[in-house]
Amino acid sequence: MNRKGAIGALLDIYEQAISDLKNVIKSIPDNALTKIIDETANEDCKSLQTILSHVVRSGYIYAINIQSLKEHTISKPEKVFRLTIADYLEDLTNVFEYTENVFRAFTDDELEEYNDALKIKTGWGQSYDIEQLTEHAIVHILRHKRQIEKIIHNKSK
């Protein structure tokens, strides 16, 4: 991790966030994935499995939203529920590699967009430029890493 330029910096930080999440989850036993840990109405937060599936799918969607600025016929992936931590570790690696490949089509000068009409419209109604959406993707990983760390900590009590 020591890429050049603004895109390189974003990718380095994103890769580090994903690596940190992978380090947190790698020792979770597979049988813990499907246990309901929160009776919340939010389907993405009921178990470690639903959290990780949400994180993986969201990572692809962020990258696809960026990619759609240059290619317009990209379908978004379905959420996939894995039964092993090893599969999620591989998925997280693949999300980063996909994102890294998407950024090959862009230059540092394309990261910021001041014209709202040219920003990326997300499924939740926000508009972002490439830099903002990538920063959102990074923080999304960090927030769910924190969530999982709290779950692990509470289980060890």
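Each position is counted from 1, following the chain as shown.
The backbone N, Cα and C atoms fix where each Cβ goes, glycine too.
Not measured: the values here are computed from a predicted model.
Within 10 Å of the C-beta atom of His140 (divalent metal cation binding site) sit 16 other C-beta atoms, taking all shown protein chains into account. Residues or ranges marked as divalent metal cation binding site in TrEMBL: His54, His140, His144.
Within 10 Å of the C-beta atom of His54 (divalent metal cation binding site) sit 17 other C-beta atoms, taking all shown protein chains into account. Taking Cβ-Cβ distances under 8 Å and a sequence gap of 6 or more within the same chain, the neighbours of His144 (divalent metal cation binding site) are Leu21, Ile51, His54, Val55.
Excluding His54, His140, His144 themselves, the residues of that chain whose CB lies within 8 A of the CB mean position for the divalent metal cation site are, in sequence, Asp44, Ile51, Val55, Ser58, Ile141, Arg143, Gln147.
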